[in-house]
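Note sheet for the following structure.
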Amino acid sequence: MKINDKISSILIHIVLILFSLLAIYPVFIMVAGSLKTATELSANASGFPIAPTLENYVRLFNFDSGLIVRTFSNSIFVAAAYSGLTVIIASLAGFAFAKYKFFGRDILFVMLLITMMIPAELNMTPLYLMFSKMHWLNTYKVQIFPGIANVFALFLMRQYMVTIPDSLIEAARIDGARDFKIFYRIIMPISMPSISALAILQFLSKWNEILYPKIMLTKKEIMPIMIILPTLNELDSARSVPWELVLTGCTLVTVPIIIVFLIFQDKFLSSVTLGAVKG
């Protein structure tokens with residue numbers, strides 16, 4: 001390797017390390033702040049905790065008679081159920097659009113893609129009126145079922161399944177396999193990278209959702225944690241915002257996201273690599 005190449009490589013690594021530190025530093029402040037008392041946080045907001053404590057987590061879990069624990073459980077249940085159902089429906093629909101020929105298939109697919117151009121905010125009022133008449137407001141149903149027939153999820157799965165050779169399906173049919181068996185024995189295992197990526201994206205989208213549940217829900221015990229976190233300032237009326245509790249809440253809601261990514265990271269990264277190779 002030439003000297004110029006070595007210098008370039010060193011400079012690139014230095015820049016990447018600096019950007020990585022910039023990305024990690026806010027997370028460090030968040031986690032470190034959750035382990036500090038209010039007094040220490042005021043005096044030492046950006047450094048390591050001098051006397052780490054879990055007092056903030058105890059206060060957070062006791063907030064409003066355990067409301068944080070309840071809403072945290074709500075968020076996990078809703079996000080997991082939503083992402084699971086979305087993956088199932090998108091996989092089935094993607095398989096149909098990728099491997100079956102039926103009248104109007106391409107036109108229907110394009111029409112579905114066009115609906116992605118409609119802002120979700122425009123649907124809030126008609127959805128609210130419809131679910132109000134269906135008596136779905138303030139239920140888990142209104143948080144899970146609307147949106148599981150996701151066009152983006154369909155597009156992602158369809159585009160991946162198109163790349164699967166038709167010869168595999170034809171060989172399975174010659175061996176006597178029916179369509180459903182072909183789907184879950186051949187298509188699903190091959191599509192695991194795309195399924196993992198979709199599961200992560202859908203879990204994150206539902207976990208971070210704020211506007212939709214804020215409109216559809218009024219009962220605190222049924223709400224996701226993202227709606228309850230802004231109410232943490234009610235714990236201490238003497239100060240405007242108890243930042244140590246805010247940072248503790250932010251740390252708490254970050255944990256499931258990290259866990260989900262760690263579970264699916266191998267498949268997710270392989271899907272990214274495969275997409276880069278095919279591109």
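Glycine too: its Cβ is placed from the backbone N, Cα and C atoms.
Beyond its flanks by at least six residues, the transmembrane segment (12-32) meets 45-49, 247, 250-251, 254 of its own chain at Cβ-Cβ distances under 8 Å. Residues or ranges marked as transmembrane segment by TrEMBL: 12-32 (among others).
Taken from TrEMBL, the feature domain 'ABC transmembrane type-1' applies to 72-264.
Under the heading transmembrane segment, TrEMBL lists 76-97 (among others).
Annotation source TrEMBL lists transmembrane segment at 109-131 (among others).
Taken from TrEMBL, the feature transmembrane segment applies to 143-161 (among others).
TrEMBL lists 182-204 (among others) with the feature transmembrane segment.
Under the heading transmembrane segment, TrEMBL lists 245-264 (among others).
A contact links the transmembrane segment (143-161) to the transmembrane segment (76-97), because at least 3 Cβ pairs that are 6 or more residues apart lie under 8 A. Residues of the same chain lying 6 or more positions beyond the ends of the transmembrane segment (109-131) and with a Cβ under 8 Å from any Cβ of it are 97, 137, 142, 146, 151-152, 154-155, 158, 211-212, 215-216.
Panel annotation: around the transmembrane segment (76-97), residues 105, 109, 140, 143-145, 147-150, 153-154, 156-161, 183, 187-188, 191, 195, 198-199, 202-203, 206-207, 224, 256 of the same chain, lying at least six beyond its termini, place a Cβ under 8 Å from a Cβ of the stretch.
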